[in-house]
Amino acid sequence: MNSPLRGIWLWLPLLLTWLTPEVSSSWWYMGATGGSSRVMCDNVPGLVSSQRQLCHRHPDVMRAIGLGVTEWTSECQYQFRQHRWNCNTLDRDHSLFGRVLLRSSRESAFVYAISSAGVVFAVTRACSQGEVKSCSCDPKKMGSGKDSKGVFDWGGCSDNIDYGIKFARAFVDAKERKGKDARALMNLHNNRAGRKSVKRFLKQECKCHGVSGSCSLRTCWLAMADFRKTGDYLWRKYNGAIQVVMNQDGTGFTVANERFKKPTKNDLVYFENSPDYCIRDRETGSLGTAGRVCNLTSRGMDSCEVMCCGRGYDTSHVTRMIKCGCKFHWCCAVRCQDCLEALDVHTCKAPKNADWKSPT
């Protein structure tokens, strides 16, 4: 291929990304609407027709998804707690995260993956708890099975994760399937990676039956692990996310750097490098790090040097109430005293340029 054409193909992915309309998963706002399912379905802007139909047809599932938004956003904030961008959400913003996720960055890849995983987790859990009419426990886990410890009987309530994945795919992917641009393909890939991550941590739990706990008989079921497992796994995928470009026919990806491996279905992918998130920026949606607490003794991302972007920090002396002198009393209580602890809190200085306060 001659060099001018090669240059066009190198720039095409960026052009596709820049020309992509403002994309956001508006269903993320479902956690903030509250009220009945009809209120939720009619008041979340930006849902496509098939999403709104599913919303009206399955109000019990929508309640579970709405409650699940709090869980996966909290997990996102936990994973990013020591980073300049800390997965902060914006009140009264229908996109939940503002403009920051319009960039096809690693952060966007993570949020799309963990939100998709959050839907799988919330819907599957609601099924097992009998809160959804259209599903229940996994109907395939019946009869007997065999593992390394021998034969067992399927019993209890195995989490119906296949239903959760199927519903998440139909609902979450609906808006992206209508698009043919690069960002839609990126979102679909990361959505799928998120769904798959929940099933990865499905574990078998068993209960023993028999004389004196001999475990001559076992009843087993499949259960999802705590959502933190999924969050930790996707965090590792975020740190190993692969930068990609569109292939020449616009149907898939290829690695931006030939030295890196081709992404698998489990990997997160992104197009654009992230901003540094140091200062408040209306264009990128960054809220900056002014006022963020930093760790004076750390050498990691939460260190005052890194978190404050070299601007320095302020130190305040504060006291807080803690439990101390705890003692175990027979039987069966732990009694503690209330003590005041004095400590220094370090917070990042604001940029000297007054323009940093411009609203996002």
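Cβ coordinates come from backbone N, Cα and C, glycine included.
The feature signal peptide is assigned by Swiss-Prot to 1-25, with sequence analysis given as support.
The Cβ neighbour count for Cys76 (disulfide bond), using a 10 Å radius and every protein chain shown, is 25. Annotated disulfide bond per Swiss-Prot: Cys76-Cys87 (among others), in sequence order.
Cys127 (disulfide bond) carries a helical DSSP state (H, G or I). For Cys127-Cys135 (among others), the entry in Swiss-Prot reads disulfide bond, with the evidence type similarity to another entry.
Taking a C-beta cut-off of under 8 angstroms and a sequence separation of 6 or more, Cys137 (disulfide bond) has the following same-chain neighbours: Cys127, Ser128, Gly156, Cys157, Ser158, Asp159, Asn160, Trp221. If you look up Swiss-Prot, you'll see Cys137-Cys157 (among others) marked as disulfide bond, on the strength of similarity to another entry.
Residues or ranges marked as disulfide bond in Swiss-Prot: Cys206-Cys220 (among others). Within its own chain, Cys206 (disulfide bond) has Phe152, Arg218, Thr219, Cys220, Trp221 as residues 6 or more apart in sequence whose C-beta sits under 8 angstroms from its own.
The local packing around Cys215 (disulfide bond), expressed as other Cβ atoms within 10 Å of its Cβ over all shown chains, amounts to 15. The disulfide bond annotation in Swiss-Prot covers Cys208-Cys215 (among others).
Taken from Swiss-Prot, the feature O-palmitoleoyl serine covers Ser212.
Residues near Cys278 (disulfide bond) in space but far in sequence (CB under 8 A, at least 6 apart, same chain), listed by position: Arg84, Ser286, Gly288, Thr289, Cys309, Arg311, Pro351. Among the features that Swiss-Prot reports, disulfide bond is placed at Cys278-Cys309 (among others), with the record citing similarity to another entry.
Cys304 (disulfide bond) is surrounded by 22 other CB atoms, counting those within 10 A of its CB over all protein chains shown. Residues or ranges marked as disulfide bond by Swiss-Prot: Cys294-Cys304 (among others).
Annotated N-linked glycosylation site per Swiss-Prot: Asn295, in sequence order, evidence recorded as sequence analysis. Cβ neighbours of Asn295 (N-linked glycosylation site) (same chain, under 8 Å, six or more residues apart in sequence): Gln82, Asp302, Ser303, Cys304, Met307, His346. Under the three-state DSSP scheme, Asn295 (N-linked glycosylation site) falls in the strand class.
Note: Cys348 (disulfide bond) has non-local neighbours Thr289, Ala290, Gly291, Arg292, Cys294, Cys304, Met307, Cys308, Cys309, Arg311, Gly312, Tyr313, Asp314, i.e. same-chain residues 6+ apart with C-beta under 8 A of its own C-beta. Per Swiss-Prot, the feature disulfide bond maps to Cys308-Cys348 (among others); the stated evidence is similarity to another entry.
Secondary structure at Cys324 (disulfide bond), as computed by DSSP, is strand. Other Cβ atoms within 10 Å of the Cβ of Cys324 (disulfide bond), summed over all protein chains shown, number 11. Residues or ranges marked as disulfide bond by Swiss-Prot on the basis of similarity to another entry: Cys324-Cys339 (among others).
Long-range Cβ proximity for Cys326 (disulfide bond), meaning a same-chain Cβ under 8 A and a gap of 6 or more residues, is found for Val334, Arg335, Cys336, Gln337. The annotation disulfide bond is assigned in Swiss-Prot to Cys326-Cys336 (among others).
What Swiss-Prot lists as disulfide bond is Cys331-Cys332 (among others), and the listing cites similarity to another entry. Around the Cβ of Cys332 (disulfide bond), 6 further Cβ atoms fall within 10 Å across all displayed protein chains.
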Cβ-based isolation winner (fewest other Cβ atoms within 10 Å) among the disulfide-bonded residues Cys127, Cys220: Cys220
Rounded Cα-Cα span from Cys215 (disulfide bond) to Cys76 (disulfide bond), Å: 40
Largest tally of Cβ atoms lying within 10 Å of a Cβ, found at which of the disulfide-bonded residues Cys87, Cys208, Cys339: Cys87
